[in-house]
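Remarks on the structure that follows.
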């Protein structure tokens, strides 16, 4: 009788397990159809988030000027925002690891709502500076990346993360357009009101459409017992621990330095477009829209397909090599038409580098630390925005536009030789 009961119990457990597996899918958390749905929702949240951010970026200089803030003061305003984003990126990632991707996305959207609310109330310079504070926790893209990382397998991850570039292109095109139209026709504060409404909508989407648990159950069990869950949200010791995993430090160094020269160029682009290219504001807007379209095409179509046919190390070397070629082109360019030609390989290299390094780094650390790793990756651009204005200003004033190209060429040639001669261990952590 006991044997029969044991068999019956075992059979019942197998049937229950089979039912759970059908419901949860291979990743132990969400079925394949549900995973695709969650990824699409993450794309929608990211696209709306970027649209709202680019909308306020276009309006902010005019709002600051209307309040009597000069160019030096505006530089301080941007530097404060960059520092807040730099510090907040890792804290946000740790929060995502401890409380889940859904909670992190909601936190980002709520912070963005407060950001736009303070912008609507910015009738003086102190309030305008105060409106930058919520930027510390505004990390919609890392939040969406965390969701995608949780619900995709390692083999699918690069392609799924690459499609976030389409959201970036949508944000550049529609955000810049909406900001200009709304501020011109209805007033300088109207984009802030629209941003407030949009961020509240994003919060509701995250609350309703993102499941409370996106990680596989086995990974969730690991998270609860992970050493990374101890201590405060910001821990230098934890950052150093992540950097000690095989290949992480090497790939992160490549990520930082390969894109740094072009980051300096983009920070100075508004001045370069006026002084060097001689563009009007409208023409600069058209150029940004062109970049946005290229971003959508490259990340939506090219990156995903290449990631299926080439190894990640091959693609990393390719992006660095193309970056070196772009640097040579930038050193030789003289007109805006030259830049339009260079922009295609530039966007390709930039998109490929960002996607492949994020994919490699999230695979190289335990699943309980992917949020922290994405947060560290998200801090790269704020770091450039923080130190970039000073370095970029000196380069442009002393050596001209070509200096950005030569710096890009030398740095990326050195990185390419390093990647070619050194075998970086790309370890993939098992759940």
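Positions of Cβ are set from backbone N, Cα and C atoms, glycine also.
TrEMBL does not curate its annotations; it predicts them automatically.
The feature domain 'Major facilitator superfamily (MFS) profile' is assigned by TrEMBL to 35-426.
Marked as region 'Disordered' by TrEMBL: 1-24.
Outside the transmembrane segment (41-63) by six or more residues, the chain places 74, 77, 105, 108-109, 112, 116, 119, 122, 128, 138, 140-141, 143-144, 147-148, 163-164, 166-168, 170-172, 174-176, 178-180, 182-183, 188-189, 191-192, 194-195, 198-199, 201-202, 205-206, 209-210 with a CB less than 8 A from a CB of the stretch. Residues annotated as transmembrane segment in TrEMBL: 41-63 (among others).
As annotated by TrEMBL, transmembrane segment applies to 75-93 (among others).
Cβ atoms under 8 Å from those of the transmembrane segment (105-130) belong to residues 42, 45, 49, 52, 56, 63-64, 67-69, 73, 77, 80, 92, 95, 136-140, 143-144, 146-147, 189, 192-193, 195-196, 199-200, 202-203, 206-207, 210 of the same chain, restricted to positions at least 6 beyond its ends. Under the heading transmembrane segment, TrEMBL lists 105-130 (among others).
Under the heading transmembrane segment, TrEMBL lists 164-182 (among others).
What TrEMBL lists as transmembrane segment is 188-210 (among others). Within its own chain, the transmembrane segment (188-210) has Cβ neighbours under 8 Å at 37-38, 41-42, 44-45, 48-49, 51-52, 55-56, 59, 62-63, 66, 101-102, 105-106, 109-110, 112-113, 115-117, 119-120, 122, 140, 147, 178-179, 182, counting only residues six or more beyond its boundaries.
Taken from TrEMBL, the feature transmembrane segment covers 251-272 (among others).
Per TrEMBL, transmembrane segment is recorded for 284-303 (among others).
What TrEMBL lists as transmembrane segment is 315-333 (among others). Packing against the transmembrane segment (315-333) from elsewhere in the chain are residues 251, 254, 258-259, 261-262, 265, 306-307, 339, 341-342, 345-346, 348-350, 352-353, 356-357, 360, 401-402, 404-413, 415-416, 419-420: each is 6 or more residues past its ends and has a CB under 8 Å from a CB in it.
The transmembrane segment annotation in TrEMBL covers 339-361 (among others).
Under 8 Å from some Cβ of the transmembrane segment (401-420) lie the Cβ atoms of residues 254, 257-258, 260-262, 264-265, 268, 272, 276, 313, 316-317, 320-321, 323-324, 326-333, 392, 395, all in the same chain and six or more residues away from its ends. According to TrEMBL, the transmembrane segment annotation covers 401-420 (among others).
Only residues 6 or more beyond the boundaries of the transmembrane segment (251-272), in the same chain, are considered here, and those with a CB under 8 A from a CB of the stretch are 243, 284, 316, 319-320, 323, 326-327, 330, 346, 350, 353-354, 357, 360-361, 364, 376-377, 380-381, 383-385, 388-389, 391-393, 395-396, 401, 404, 407-408, 411-412, 415, 418-419, 424, 426.
For the transmembrane segment (164-182), the residues of the chain that approach it from at least six positions outside its boundaries are 43, 46-47, 49-59, 141, 144-145, 148, 190-191, 194, 285, 288-289, 291-300, 303, 351, 354-355, judged by C-beta separation under 8 angstroms.
Beyond the ends of the transmembrane segment (339-361), by six or more residues, the same chain brings 145, 157-158, 161-162, 165, 247-248, 251-252, 254-255, 258-259, 262, 277, 287, 290-291, 294-295, 298-299, 302-303, 306-307, 312, 315-316, 318-320, 322-323, 325-326, 329-330, 333, 373-374, 377, 426 to within a C-beta distance below 8 angstroms of the stretch.
For the transmembrane segment (75-93), the residues of the chain that approach it from at least six positions outside its boundaries are 60, 64, 69, 104, 107-108, 128-129, 132-133, 135-139, 142-143, 146, 233-234, 239, 371-379, 381-383, 385-386, 389, judged by C-beta separation under 8 angstroms. In the predicted structure, the domain 'Major facilitator superfamily (MFS) profile' (35-426) carries a mean pLDDT of 84.
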